[in-house]
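Annotated features in Swiss-Prot:
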{"type": "BINDING", "residues": "R190, S218, S220, Q261, H328, D360, A361, D362, C366, N369", "note": "FAD binding site"}
Amino acid sequence: MTDKVRNRVQCWPALAQESSCVDFIPARQGATCGSTVVFIPCCGLTRGRRVLCQWFPCLSGGCCSQESSCVDFIPARQGATCGSTVVFIPCCGLTRGRRVLCQWFPCLSGGCCSQHTVNIIGEPPRPVGAPSFEFVEFGRLPSILSTELKLFQRAPVPEDFGIYYEGNADIARQRWTGGEAKALELLGRRLKQEEEAFREGYYLPTQARPDFLAPPSSMSAALRFGCLSVRMFYWCVHDLFARVQANNQLKHPGGHHITGQLIWREYFYTMSVHNPHYAVMELNPICLNIPWYEAKDDSLDRWKEGRTGFPLIDAAMRQLMAEGWLHHILRNITATFLTRGGLWISWEAGVQHFLKYLLDADWSVCAGNWMWVSSSAFEKLLDSSSCTSPVALARRLDPKGEYVKRYLPELEKFPALYVHEPWKAPPELQEQYGCVIGKDYPAPMVNLAEVNKCNANKMNAIRQKLLDQGGSTPAHCRPSDMDEVRQFFWLPEDVAAES
């Protein structure tokens, strides 16, 4: 480090007062080898830039070609943490220097991470108490007015609005009941599940140990329709964690990650504000314009109807139609298969299908998840190399094929050896099991190994084109690291390796 640079760092006490996510300001537009890049923690970029301009006239439009050419970063103080002032001087391009810098600032490896944002914003308010209706008098409309307004004399059902059931009632196992009373009852069961997990030293039990056969314990539908306060759910889980820690003298790390999915929910809400094109690709400022395949055959219909020839995918899609529900992991694997991990069909088609049939469908959250899964947004780097194989995932999470057989009764006689790859069963056994592949159940519609390789090449070409043009993914918050991605996708090392 030169004395010149060291002295300059000591002249920035004002910058140490800034807070919030870390950003960088290049010494000039199109900064190249040898230019200065100043990393500052900026709550308001305008103020940060104004302060910097007092020390760097080049930021106001001048040129800073005389700066040192060494590759280095200088923290404003020793032991700098996320949010510290850093001077970054690349001589070999931003990539190498950024890699060095990320050792100090993990959030920079994928943009400003949501966990860091949450730490700055602080805890959400606690829920207010239930209102009292003791002295409230409710009026009643005259019957003639009720008739004139065409009010329902009972709670309406979907059929009253011309919406009719399209699934297979014979395989439907889960019926949902709305209302606050049922939501609080489900919350009580969910908290017992959370408590068991905390005692055993883990969290997010529905993801850490997913059970596709058990009754859903997710609170998403109750949150979606306002039957349960999201603040109540958040604080119930965190207060429970604190009690378990204290009562059992445990020292497991806590923090916002124990309710990580709620954080992503709020984050997707934030990203959709003032963006009417959030659920489509065109005119969406945070979405990459990927040239997806325009399906003119029946590929999209086969995916929707559960006729892809891959049992886990088909079972999930039929469960969706029958029950209006899918486990988070199944949503990800079916979405991946439709987009970058299989059919290369636009995520927009998937969003519309999920919004129509998912009971807990939420425009902001649903579209946000689809953009992420398809690598269209919220990605550190366009990638199709880590697509989980539906066959490998099925073997791990449904080893006996019980889930698959529940929603694909045509495969109920297939043993565990063949149930996830029924096309591998010898023809005579298929006859014996009463299900001939290609006749009673479809053969795989694609060769997974081939399409994964092809799709990975497409993504790599798109990424390289962006880099060649000096571009990058749209500016938005992304996962901090691979651990956060794995937690979101439930992507174990061994499953990824088999992909």
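Just so you know, glycine gets a Cβ as well, placed from its N, Cα and C.
It should be emphasised that the depicted structure is a prediction, and the values quoted were computed from it without experimental measurement.
Positions of Swiss-Prot features highlighted on the structure.
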{"residue": "R190", "record": "FAD binding site", "Cβ contacts under 8 Å, 6 or more apart": "S217, M219"}
{"residue": "S220", "record": "FAD binding site", "Cβ contacts under 8 Å, 6 or more apart": "D360, D362"}
{"residue": "A361", "record": "FAD binding site", "Cβ contacts under 8 Å, 6 or more apart": "R224, F354, L355"}
{"residue": "C366", "record": "FAD binding site", "Cβ contacts under 8 Å, 6 or more apart": "A279, V351, F354, L355, L358"}
In three-state DSSP terms, the structure that R190 (FAD binding site) belongs to: helix
Site extent for FAD (largest Cα pair distance over R190, S218, S220, Q261, H328, D360, A361, D362, C366, N369, Å): 23
Cβ packing number for H328 (FAD binding site), 10 Å threshold: 17
